Amino acid sequence: MADTAPQMHVSDEVAISIQRMNKWYGTFHVLRDIDLTVYAGERIVIAGPSGSGKSTLIRCINALEEHQKGKIVVDGTLLSSDLKNIDKIRSEVGMVFQHFNLFPHLTILENCTLAPIWVRKTPKREAEETAMHFLEKVKIPDQANKYPGQLSGGQQQRVAIARSLCMMPRIMLFDEPTSALDPEMIKEVLDTMVSLAEEGMTMICVTHEMGFARQVANRVIFMDQGQIVEQNEPEEFFNNPKSERTKLFLSQILGH
Amino acid sequence: MSDTHAQFAFVRSKMLPEAPPPASERGAAKWVRQNFFSSTINTVMTIFVFVVVIQIALTVVPWLANGVWSGSSLSDCREALAGETGACFAVLSERWNQLLFGFQYPSELYWRPLAAFLLLFVAIAPVLFQKYVPSKMLIFTALYPFIAFFLIWGGSLLTPVLALAGFVVGYFVYTKLVAQSFALGFFGGLFAALAFWILSGYLPVEGILAIEPVESREIGGFMLNLILGTVCVSLSIPFGIALALGRQSSMPIIKWICVVFIEFIRGVPLITLLFVANVVLAYFLPPGTNFDLILRVIIMITMFASAYIAEVIRGGLAALPRGQYEAANSLGLDYAQSMRLIILPQALKISIPGIVNVAVGLFKDTTLVSVISMFDLVGMIRGPISSSQEWNGVYWELFLAAGLLFFVTCYGISQYSQWLERELRTDHR
Ligand SMILES: Nc1ncnc2c1ncn2[C@@H]1O[C@H](COP(=O)(O)OP(=O)(O)OP(=O)(O)O)[C@@H](O)[C@H]1O
Ligand SMILES: [Mg+2]
């Protein structure tokens with residue numbers, strides 16, 4: 001049951017290893033026997049129809065959802081119900097949500113410095129410098145003292161990315177980061193993600209942006225009904241899909 | 001198609017300037033017409049209300065204007081008025097001290113509760129106006145309860161100092177143990193503080209560094225309402241938060257304790273709880289213990305208000321999107337941090353109107369203690385003042401004064417809360 005996909009290994013260092021992982025919501029079997037190894041520096045795109053369990057899978061990686069069977073090892077730490085392990089993993093794994101989830105009662109700068117100050121115990125001054133550095137990287141340093149409610153959706157999502165980066169994570173998870181955005185804002189967020197990928201960040205992105213997948217992914221994973229149906233490098237995946245369901249899915253989102 | 005387009009093509013090269021509205025859309029006349037006489041029904045209503053207001057003013061104004069402010073009994077007032085209508089405010093100038101401080105508080109010591117009252121503003125300023133008052137002032141806020149107790153009740157300075165020391169001991173033990181587990185730290189600290197207080201109860205502090213003591217039953221009037229209101233509101237907010245969070249807890253025992261407590265307290269009228277405080281609690285206490293009545297009442301009212309505030313805050317917690325919890329968790333904040341930094345600031349902000357509602361209601365409900373024969377403002381009016389020979393029969397003037405005192409306080413609270421809501425608003429563009 002090992003990964004059969006041909007992989008362009010970026011490195012041999014394993015960042016995330018998921019073995020025979022299963023999850024149920026009540027009696028509903030959402031994730032079935034998931035096996036996945038992610039190497040450090042790899043960029044993975046997960047695609048699949050709505051309800052196929054993509055969000056649930058990446059939310060299991062930082063324990064926002066609890067899995068019931070199988071093993072998840074993140075950066076050498078085994079995910080268990082031990083709260084100390086969970087907090088450790090969460091501080092190493094950044095997550096960007098579909099609806100940004102910025103803290104509306106804090107300024108942009110405070111959003112970015114909160115976790116470094118309280119979790120990493122970074123001195124305030126230093127945390128602010130780091131935050132400004134990342135806000136510059138996502139190209140909105142001039143908004144630092146505004147509140148999230150005063151920013152556009154694209155800007156908010158870039159702040160959310162900067163907020164995660166301020167924790168210096170080893171791995172970044174993206175759950176449909178552009179699907180709540182207007183078309184003209186999608187590009188600015190994707191550009192940010194591309195430049196992050198170019199710097200060698202380990203990334204797992206759930207997204208329907210196939211252009212992004214072609215451009216940066218090392219591997220595309222296709223999920224359906226809680227299972228990994230097919231995984232391959234982007235060129236092969238798009239030009240030469242193996243399974244019928246993948247073909248159907250690709251024809252639906254690419255053709256029209 | 002495209003031909004017609006070309007024919008009618010038009011591009012404005014200069015924007016027209018904004019023009020003023022026509023005269024009929026401006027001025028006071030328009031405002032009156034629109035707001036009072038816009039339709040037949042509206043006109044009839046306007047005239048009707050006008051007549052009623054005039055009628056009321058015609059009775060009330062002379063009553064107020066003719067008011068007699070000096071005299072030592074109701075018959076003095078009647079004499080001075082000589083048959084005309086007029087209020088007998090003499091009761092206020094004669095008995096104001098009793099209305100404010102109760103009829104037993106030694107009059108030469110009035111300055112002490114007054115000082116406590118003025119210091120209250122200094123103490124709550126850093127809490128109410130966090131942005132504008134240096135946070136170092138919070139040290140005074142923390143000391144204030146002990147200072148106020150010393151000023152109002154008097155006695156040995158060591159009593160409040162030992163009470164404070166109990167907190168310090170508890171906190172010290174807490175910091176020593178909390179590294180191992182929160183529960184151990186919490187209960188260890190609680191136990192240490194309790195042990196300290198019980199042991200220090202045996203110290204012969206009486207008369208050491210003492211100022212003249214005043215007993216609880218000598219405290220009354222509006223001062224009693226203010227003491228009960230301030231203490232109970234400030235205690236019930238933290239308890240309410242704890243209950244609301246407990247009700248959300250994933251630990252079933254904690255959850256059910258909170259649910260049962262909240263539902264039970266909300267299902268019982270406050271007055272019943274006050275009777276319990278007055279009478280029944282005495283049965284549970286070892287005979288001979290002298291458990292202060294004001295303290296018992298404070299415990300009951302606090303429990304009552306906490307249950308209501310807990311439900312208000314639960315509403316605020318429920319209104320927060322789940323994404324806020326998830327974002328806090330995904331950044332690695334632990335439970336206490338995400339509550340304190342992310343969840344509660346937002347939930348409390350949503351809950352401000354509800355909390356203020358409970359606080360104002362609670363403050364007015366402190367007058368219920370008059371039913372268990374405590375002489376708060378209403379108790380004073382119904383008891384010692386109305387039943388005295390000189391002022392038997394004076395009602396309106398006294399209750400008007402009581403109403404005014406409560407109105408000013410409650411209106412102030414409500415204005416503050418509206419200001420705070422505006423202050424905390426961050427979503428304006
Ligand atoms: N909290 C929950 N309780 C019960 N069922 C849930 C819960 N969350 C998700 N599900 C179900 O689990 C399945 C997988 O959900 P998931 O959100 O992972 O899908 P997804 O692939 O991310 O879909 P989308 O593309 O629409 O975001 C869905 O059928 C959904 O209805
Ligand atoms: Mg999803």
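Heads up, the Cβ atoms here are built off N, Cα and C, so glycines get one too.
Between the stretches B:341-363, B:364-386, TrEMBL puts its transmembrane segment entry on B:341-363. Fewer than three CB pairs closer than 8 A are found between the transmembrane segment (B:394-413) and the transmembrane segment (B:257-285), and contact between the two stretches is not assigned (pairs 6 or more residues apart). Where the transmembrane segment (B:297-320) meets the stretches B:43-65, B:109-129, B:136-153, B:222-245, B:341-363, the count of C-beta pairs under 8 angstroms peaks at B:222-245. Comparing B:43-65, B:109-129, B:136-153, B:257-285, B:341-363 for CB pairs under 8 angstroms to the transmembrane segment (B:222-245), the maximum falls on B:341-363.
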